[in-house]
Every structure is written in structure tokens, then in C-alpha cells.
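Heads up, the thing below is written out as C-alpha cells.
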Amino acid sequence: MLFTVLTGLITSSLLVPFGKFIKTKWSILLPFIPVLLFIVYLLYVPDVASGTNFLQHLPWVPSLGINLDFKLDGLSLLFALLITGIGSAIFFYARTYLRGHQYYDRFFGYLLLFMSAMLGVVLSNNIITLFIFWELTSISSFFLIGFNNDNADSRKSALTALSITGIGGFFLLAGLVLLGNIAGTYVISDLVAQHNIITSHQLYPLFVGFILIGAFTKSAQFPFHFWLPGAMKAPTPVSAYLHSATMVKAGIYLLARFTPILGNTDLWNYTLMIVGGFTMLYAAIHALFRIDLKAILAYSTISALGVLTFLLGLGSKEAIVAASVFILVHALYKATLFMVTGIIDHETHTRDLTHLSGLRKVLAPVFIAALLAALSSAGVPLTFGFIGKDLIYEATLHAPSHLALWLTVLAVTTNVALVAAGFMAGIKPFTGKLPQAYEKIHLPYTSMWLPPLILAILGLVFGCFPGLVGDLLNHRTANSIWGGETAMHLKIWHGVNTVLLLSLSTLAIGTFVYLINKPSILKLAAIEKFNRISPQRIITGYAYDIKRFSNWYTHLFHDGYLRSYHFKIILFAELLLGYKLWLSGPISIDFSVLTPPSWYEVVIMLVLLGALYIIVTTKSRLTSVVSTSVIGYCICLMFVFYSAPDLAMTQFTIDTLTTVLFVLVLYKLPSFMNFAKKGILVRDAVVALGFGTILALIALRVLYEPNTTEISSFYGENSYLLAKGKNVVNVILVDYRGIDTMFETVVLAIAALGVYSLIKLRLKSSEKE
Amino acid sequence: MELLLILVIGLLYAGGVYLILRRSMVKLLLGIMLLGNATNILIFLLGKITKAKPPVIDESYKIFQDIYADPIPQALILTAIVISFGLTSFAIVLLKRVYALVDSDDLDDLNTPEEEDL
């Protein structure tokens with residue numbers, strides 16, 4: 001299984017050096033990659049149908065519990081077949097669709113990367129690995145949506161899609177890590193066994209919420225649905241592959257996969273039912289107002305995803321069976337309709353329903369494919385869609401009695417709109433009179449119209465022989481989601497019952513709606529008035545505000561004035577230190593332990609303070625420099641009194657040197673100018689005094705802290721015995737901390753070099769500017 | 001004496017901060033020097049000041065016979081003084097160079113705001 005996941009990744013990276021061969025004659029090789037993978041997965045079908053699950057374990061980061069665990073069961077197999085099967089059709093189709101495109105190789109690189117990532121998602125048995133592949137699908141989808149990167153709209157849509165799914169991914173990671181920590185394992189099949197522990201944990205609502213946000217963003221559920229219509233800016237093969245059959249279904253896959261782990265609680269069921277139910281109705285009605293073929297398909301896809309979420313939320317055996325079948329039904333007809341739309345767009349250069357008509361005369365095989373898909377989407381008997389629709393009604397009718405009626409009404413209403421939307425996309429462009437402009441249109445290459453036709457015919461075959469796919473595949477899929485035996489047997493004919501009546505009336509009303517609902521720009525404009533309160537507007541407005549806020553915030557703190565940085569840093573330090581000081585309680589002063597000052601010490605300190613006053617207030621540079629040196633000398637004397645002869649000597653030397661250097665270099669400078677207003681000066685003085693006070697208080701508090709002298713006494717006692725020196729300070733510097741001092745010397749040497757070269761540097765007059 | 005030193009520390013910090021909030025580069029440098037001095041005294045104070053007992057072992061003994069001032073803060077301050085001299089001397093020369101080039105001591109004259117900031 002690892003091999004199948006890696007195939008796409010490896011080929012994708014091979015396209016980097018060998019892309020130019022693919023562009024020309026070897027492009028025929030590309031579609032065979034998904035075809036081969038599809039065959040590999042087909043070979044698994046008999047085993048999986050008999051109930052075998054395949055496991056693969058490769059250690060990756062075992063200490064963190066993150067491994068390349070793969071598991072192939074009914075659910076994974078259904079998705080793997082969809083990904084590779086629809087992938088095969090799309091690859092053949094796209095090879096012709098994009099022929100001659102400048103970035104042909106790049107496109108297939110992304111597409112292969114996406115396919116691998118998607119296979120990784122559905123095969124992973126480790127939630128962290130699953131998450132990594134999940135993010136890979138978002139990233140490859142970003143590149144595919146923004147494939148026409150010279151188009152601003154395209155770039156914007158790609159960014160929207162990435163941000164929405166990215167935010168969802170972020171929540172998903174948080175939820176998965178929480179879940180993994182609570183259960184003590186990241187392995188999905190082990191998590192299933194802990195269903196009771198997980199659902200009764202007090203954090204259950206939190207991580208379920210996180211995981212659901214991840215699934216809802218990916219599967220375009222309300223209120224995150226708006227990125228999907230935007231993503232239609234992608235080339236049509238991408239829309240057909242990612243945004244109908246596979247990537248958006250990753251969210252559904254996640255929900256299905258986690259149903260046995262997290263499901264079967266009120267929170268899970270009602271959230272999914274409400275979100276899914278609302279999304280399916282909202283999007284289905286929206287679809288009716290669109291005039292762009294791809295927009296209609298986008299909204300009906302959102303609606304179908306809502307149906308799936310809703311069914312998983314219903315959670316009954318019938319609902320799970322219906323979901324497992326509807327995944328396949330929808331993938332087949334939606335991919336077909338997208339590819340048909342792509343052909344129409346390719347040939348007529350428009351997707352505007354108000355202009356398209358009568359194309360059956362020139363695109364006959366395409367019309368057959370579209371018709372079959374539209375019929376399947378409408379649930380006409382003998383198509384696969386009919387069976388899917390039956391199962392959905394079966395599920396809503398078997399819901400708890402107080403809900404059954406309402407849910408059935410909801411499902412019927414949604415389906416009526418979907419029937420009409422399916423007809424609009426699949427039949428409308430082909431009926432009526434052929435405009436003169438389109439008479440010259442001829443059928444595209446076989447490789448473009450054959451894949452949709454095959455998918456459409458498959459829908460018909462599965463519809464006529466539902467047992468074929470039902471027993472082999474969907475049965476096991478439903479078992480994986482349900483976590484037990486679902487005893488499903490798909491049949492075409494159940495006899496005349498409520499379900500059949502509902503199904504037929506849906507079809508009748510849907511056709512009626514299709515006939516009276518003429519697509520027009522006016523209607524589109526009418527519904528666009530509601531954009532102001534749409535989630536899209538709210539979320540993008542929010543994103544814009546965040547951008548403005550961060551701009552304002554950056555400029556506030558990064559205004560380009562050094563003193564303003566100092567001011568903010570010091571103010572912040574004051575707040576932090578002041579808060580900590582305030583927390584530490586009152587300070588008491590015990591005079592008995594203090595050293596009494598003698599008169600000469602007091603005098604020296606007064607001199608120091610006087611010099612400080614002069615520095616702060618003087619206008620003369622020389623005076624301030626000299627005053628600084630006075631302060632240095634005062635400190636030097638203080639060192640002398642308090643047993644630090646070495647410090648006194650150093651301070652004296654350094655202070656003299658600094659002053660001399662200062663005077664020598666800067667004596668020419670004019671006196672200080674005062675730029676600041678009085679208010680600013682007062683403000684700075686307050687902040688400065690505040691800082692001084694806080695540090696003085698800290699010093700006072702530290703004065704009464706017990707002092708550890710272990711290290712000091714070690715140095716004191718061993719200074720002569722070990723290091724043969726009697727001046728302990730010197731011994732510490734040159735012996736115990738010798739390397740430290742050596743590097744200090746190096747630093748000084750570097751500074752000296754810098755000083756020397758700056759003094760010696762003579763710039764030419766031209767360089768002075 | 002400790003209280004007096006604490007007062008000095010507080011005022012030196014206040015003076016230093018006040019100076020680094022000014023526009024003049026010379027004042028900025030003097031402010032940094034004051035902050036350095038204040039920190040040195042603070043470290044010195046933390047080691048408990050002791051009068052007239054330098055940490056030097058008497059000629060005729062191999063170990064201390066009496067109490068002695070804590071040598072560690074002294075070693076640290078010594079390093080700090082020397083390093084800050086390196087910083088100050090380099091900054092002074094740099095300052096002169098800047099003055100020679102832009103003919104100003106005003107920090108704001110060194111700003112080259114980017115186009116979009118204007």
C-alpha cells in the first residue's frame with residue numbers, strides 16, 4: 001500500500017527533471033499510472049469483499065507513536081477505487097484538455113501529488129499520518145486552483161481555498177492530538193476499541209468540535225462552503241477531480257472513518273444532521289439561480305456533500321448504507337457532468353447557460369454522457385442514482401418517529417432542487433435550437449468525450465445490476481462505517497411503497513421546477529443581493545480586518561524611531577517587573593543588618609548624584625562627558641571602600657581612557673539641541689523615574705534574600721590550594737574562568753581593530769554622500 | 001550605606017533611561033554608560049558589601065583566616081567594565097564617523113524610511 005501511495009509522489013518528482021519529455025511525445029504514459037493503481041486496487045476487491053482487512057506497518061517516529069500505518073478495509077477501498085478510477089478518466093481527459101499548455105508538466109506533477117496525498121488520507125491507519133496527507137491535499141489543491149496564475153481571480157480563489165482548508169487543518173490537528181493523547185494511541189483501529197472511553201471523556205465536545213471544523217472546511221459545509229464555488233477557477237479537469245469526486249469527499253471520509261470512534265452520541269449526530277441538513281438545502285436552492293454551468297455544479301456538489309454529512313449524522317444503519325452508496329453515485333455522475341462542462345467550455349468558450357442550446361446536434365456522444373449523468377443525478381429508475389435516492393428516503397423514513405416526517409420533507413425538497421439543477425447542467429445546453437455560431441463545432445478528440453461517457457455508462461450498469469457493486473464494495477464500506485454487519489442488499493425493485501412514491505414525485509416536481517425555472521441574469525442578480533450577509537462576506541471581511549489590524553499594530557511598534565522603541569520596551573519592562581514586584585508583597589527594612597555609612601561615603605555619593613544631575617540637564621557636551629567621568633570615579637572610590645581593589649583599579653583606568661577618547665573625538669561637536677516639547681520631557685522623566693524606582697525596589701528586596709555562598713567559598717578556599725593564587729578575583733578570571741576571559745580579550749581586540757580602522761578610514765568625497 | 005547605594009542605583013537607572021529616550025546620539029551613549037554603571041553597582045550590592053576585607057589571601061597563609069568580600073560579583077563586574085569599554089570606545093568612534101558623514105548628531109537624520117512608510 002505504501003508503494004501505491006509513493007508511486008504518485010515519485011513520478012511527480014521525476015517530472016521536475018524529465019518534464020519536457022512529457023510535454024511532447026511521452027504524455028501518453030501519464031494516464032497509465034492511475035490506471036495501473038486502479039487495477040491494483042481492483043485486485044483487492046475479492047479479498048475485501050470476503051471481509052479481509054489488509055494492514056501494513058512501517059516505523060517512522062515510533063517514540064512519538066507516529067508510524068506509516070496503512071489499513072485497507074471496505075471504506076478505504078471504495079475511496080481508493082474512486083481516486084484511482086476517476087483519476088484515470090481525468091488523466092486521459094486532461095491530457096487532451098490541456099494539450100500544448102505552457103505548464104503541462106507542472107499540471108500533471110500537481111495532479112499526481114494530489115492523487116498520492118489523497119490515497120494517503122484514505123489508507124492511513126495513523127491519525128497523524130492521515131493529517132500530513134490531509135494537508136498535502138490542501139497544498140496540492142492550492143496549486144491546482146491557482147494553476148492559471150496569471151489570472152488575479154484564480155490566485156485569489158486559490159488563496160481563499162487554502163486559508164479556509166488551512167484553518168480547518170489547524171483545528172483538525174488540535175483535535176487529533178487531543179484525541180490521541182486521551183486515548184493513548186494514534187492508531188485508528190485501536191481508537192475504535194476505545195469508543196466508550198473517548199465519548200465519555202469530559203473534553204469530548206472540544207475535540208469533536210475541532211475535528212468537525214476540519215471536516216466541514218474540507219467538505220465545504222455551511223458556513224465554510226464558499227471556497228468551493230471560488231475554486232471553480234481551476235481548469236475543469238481539476239474541478240472534476242478535486243472538487244466533486246475526491247478532495248471535498250476527504251471531509252466525508254474523515255467523518256465516516258471517525259463515526260465508529262466518536263459517533264453515536266447526541267452531539268455528533270445532531271451537529272452533523274443540522275449542519276449537513278442546512279447545507280444541502282441552502283446549496284441546492286442556490287444552484288437553481290446560477291447561470292454558469294460550473295457554478296451550478298459547484299452548488300449542487302456542496303448540496304450533495306451536505307446530504308452525505310446529513311446521512312452520517314442520522315447514523316442509523318439505513319443512513320450509513322445510503323451514504324456509502326451515495327458517495328459512489330455522486331462521484332460517477334458529478335465527474336461526468338464536470339467533464340461535459342469542460343468539453344462545452346473548450347468548444348464554445350462559454351459556460352453561460354443563457355447562451356448555450358442545441359448542442360446535441362454537434363456533440364452527440366457528449367450529450368449521451370450528460371443525459372445519463374443528469375438522469376442518474378435525478379434518480380430516474382434503472383440508474384444508479386435511483387438506488388441512491390431510494391436509500392436516502394429509506395433512511396429518513398426510518399429516523400426516530402418525531403423527526404422522520406421533517407427529515408423526509410427536507411430530503412425531498414433538497415432532491416427536487418437537485419433534480420432541477422442536474423437537468424440544468426446536463427440537459428439544458430443540449431436542447432433547443434442550435435445557434436448559428438455553434439454550427440461549426442465538431443467533436444473533440446475521443447480521449448475527451450470517452451471518459452465521461454464511460455463513467456456515465458457505469459452509472460447505468462450499476463443501476464441495472466446494483467448487486468454487482470453493492471455486495472462486493474458498498475456492503476463492506478457500510479460495515480466499516482457502521483462497525484458491524486449492515487446486511488445490505490441493493491435491489492432495483494422494492495415493490496410499490498412509500499419510498500417509490502416519494503422518489504417518483506421528487507422526479508416529477510423536479511422536472512416541473514426545471515421547466516419553469518429559466519436561467520437568467522436577473523435571477524442571478526437577485527440572489528447576489530444577499531451576498532452582503534453571506535458567510536463569505538463576513539469571513540473575508542474578517543480576514544481584511546485582521547490584515548488592517550496587523551498593519552496598524554506593526555506600524556505602532558515599528559515606527560522607525562529608536563527612542564520610541566526604547567520607550568515601549570522600557571514601559572513594558574516596567575509593567576512586567578512592577579506587576580511581579582506587587583505580587584511579591586510588601587518590603588520591610590531591617591536596619592540592624594545594614595552597614596552604617598560614614599560621612600565621606602555620604603559626601604562621595606552626593607557628588608555622584610550632583611554629577612548625574614548635571615549630565616541630565618546640561619547643554620554642553622564637554623560638561624556631560626566630564627560629569628560621566630566624575631560618576632565613574634565616585635564609583636571607583638566606592639569600590640575602594642568596600643574591599644574591591646581590582647575593580648577600583650580597572651574602573652579608574654577605563655574611566656580615564658573613555659573620557660580621553662570621548663574628548664579627543666567629540667570635542668568638535670556643537671552643544672546639544674533641545675527638540676522635545678516640555679510634555680514629552682515630563683513623560684520621559686516619569687517613565688525614567690518609574691524604571692529607577694522599580695529597580696531600586698528590586699534591589700531592596702534582594703538585599704533581604706538569603707545569599708548562597710557555596711561557590712564563593714569554594715573559590716575562596718581553593719584559590720591557593722588548587723590554583724596557586726592569593727588574589728581570588730584574579731584567580732577566578734584567569735584560571736577558573738580562563739577561557740571566558742580569553743574570549744573577552746578577543747572581543748576587545750576586535751573592538752580595537754574596529755576603532756583603529758574607523759579612525760584610519762578616509763572616504764573619498766564622492767563616497768561621503 | 002546599602003540604602004544610599006540603592007538610591008544611587010535607582011537614580012542612575014532613571015538618568016540612563018531618560019538619556020536613551022533623547023534624540024542625540026551622544027546622550028544615547030552616555031545613557032548606556034550610566035545604565036552600565038548602575039548595573040555594576042547593583043551586582044556589587046547583591047554580593048553583600050563588606051568593608052575593608054578584600055578577597056586576597058594573606059601573605060603568610062594558604063587559606064583565609066577571616067571573613068572576606070564575595071569574589072564572584074567582583075569577577076563579574078570586572079568583566080563587565082572591560083567589555084563595556086570595548087562597546088563605548090567603538091561607539092564613540094562610530095559616532096564621530098557618522099557625524100563626519102551626515103553632519104548631525106540627531107538620530108532621526110539617520111532614518112531612511114521605506115517608500116511605503118511615507
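Placed from the backbone N, Cα and C atoms, the Cβ positions cover glycine too.
Curation does not apply to TrEMBL; its annotations are automatic.
As the structure is a computational prediction, the values presented were derived from the model and not from experiment.
TrEMBL lists A:63-108 with the feature domain 'NADH-Ubiquinone oxidoreductase (complex I) chain 5 N-terminal'. Mean pLDDT for the domain 'NADH-Ubiquinone oxidoreductase (complex I) chain 5 N-terminal' (A:63-108) in the predicted structure: 85.
Annotated transmembrane segment per TrEMBL: A:107-124 (among others), in sequence order.
Residues or ranges marked as domain 'NADH:quinone oxidoreductase/Mrp antiporter transmembrane' in TrEMBL: A:124-409.
Proximity of distant same-chain residues to the transmembrane segment (A:203-228), defined by a Cβ-Cβ separation under 8 Å and at least 6 residues beyond the stretch ends, is recorded for 134, 138, 157, 160-161, 164-165, 167-169, 171-176, 178-179, 182, 243, 247-252, 254-255, 258, 262, 265, 267-268, 271-272, 275-276, 278-279, 282-283, 298, 301-302, 305-306, 308-309, 534-536, 538-539. Annotated transmembrane segment per TrEMBL: A:203-228 (among others), in sequence order.
Here TrEMBL flags A:296-314 (among others) as transmembrane segment.
What TrEMBL lists as transmembrane segment is A:320-341 (among others). Sequence-distant contacts of the transmembrane segment (A:320-341) (same chain, six or more residues past either end, CB-CB distance under 8 Å): 75, 78-79, 82, 86, 89-90, 93, 236-237, 239-241, 244-246, 249, 252, 256, 259, 293-294, 297, 300-301, 304, 307-308, 311-312, 351, 366, 369-370, 372-374, 376-377, 384-385, 387-388, 391-392, 394-395, 422, 425-426, 448, 451-452, 455-456, 458-459, 462, 469-470, 473-474, 477-478, 481-482, 486, 488, 490.
Positions annotated as transmembrane segment by TrEMBL: A:362-384 (among others). Cβ atoms under 8 Å from those of the transmembrane segment (A:362-384) belong to residues 300, 328-329, 332-334, 336-337, 339-340, 343-344, 347, 390, 415, 418-419, 421-423, 425-427, 429-430, 434, 438-439, 441-443, 449-450, 452-453, 455-457, 459-460, 462-464, 466, 492, 503, 506-507, 510-511 of the same chain, restricted to positions at least 6 beyond its ends.
A Cβ distance under 8 Å defines the sequence-distant neighbours of the transmembrane segment (A:404-427), meaning residues of its chain 6+ beyond its ends; these are 273, 277, 280-281, 284-285, 287-288, 293, 296-297, 299-300, 303-304, 306-307, 310, 314, 333, 337, 340-341, 353, 370-371, 373-375, 377-379, 389, 392-393, 396-398, 502, 505-507, 509-511, 513-514, 517, 519. TrEMBL lists A:404-427 (among others) with the feature transmembrane segment.
Taken from TrEMBL, the feature transmembrane segment covers A:492-516 (among others). Within the chain carrying the transmembrane segment (A:492-516), a Cβ under 8 angstroms from the stretch's Cβ atoms is held by residues 288, 378-382, 386-387, 389-390, 393-394, 397, 408, 412, 415-420, 423-424, 427-428, 463-464, 466, all 6 or more beyond its ends.
The transmembrane segment annotation in TrEMBL covers A:565-583 (among others).
The transmembrane segment annotation in TrEMBL covers A:598-615 (among others). Within its own chain, the transmembrane segment (A:598-615) has Cβ neighbours under 8 Å at 623-624, 627-628, 630-631, 634-635, 637-638, 641, counting only residues six or more beyond its boundaries.
Sequence annotations record features per position, and here TrEMBL assigns domain 'MrpA C-terminal/MbhD' to A:607-670.
Same-chain residues lying 6 or more positions outside the transmembrane segment (A:622-642) and placing a CB less than 8 Å from one of its CB atoms are 601, 604-605, 607-608, 611-612, 614-615, 648, 651-652, 654-656, 658-659, 662-663, 666-667, 672. Marked as transmembrane segment by TrEMBL: A:622-642 (among others).
According to TrEMBL, the transmembrane segment annotation covers A:681-704 (among others). Tertiary neighbourhood of the transmembrane segment (A:681-704): same-chain residues 567, 570-571, 573-574, 577-578, 581, 584, 587-590, selected by CB-CB distance under 8 Å and a gap of 6+ residues from either end.
Among the features that TrEMBL reports, domain 'MrpA C-terminal/MbhE' is placed at A:682-760.
Here the transmembrane segment (A:741-759) has long-range neighbours at 733-734, meaning same-chain residues at least 6 beyond its ends whose C-beta is under 8 angstroms from one of its own. The transmembrane segment annotation in TrEMBL covers A:741-759 (among others).
With a threshold of 8 Å between CB atoms, the same-chain residues lying at least 6 positions outside the transmembrane segment (A:565-583) that come near it are 557, 684, 687, 690-691, 694-695, 697-698, 701. Residues 216, 219-222, 225, 228-229, 231-232, 239, 243-244, 248-249, 251-252, 255-256, 259, 263, 268-284, 286-287, 290, 320, 322-323, 326-327, 330, 334, 337-338, 341, 353, 377, 392, 395-396, 399, 407, 411, 414, 417-418, 421-422, 424-425, 481 of the same chain lie 6+ residues outside the transmembrane segment (A:296-314) yet bring a C-beta within less than 8 angstroms of a C-beta in it. In the domain 'MrpA C-terminal/MbhE' (A:682-760), the DSSP tally of helix, strand and coil residues is 68 helix, 1 strand, 10 coil.
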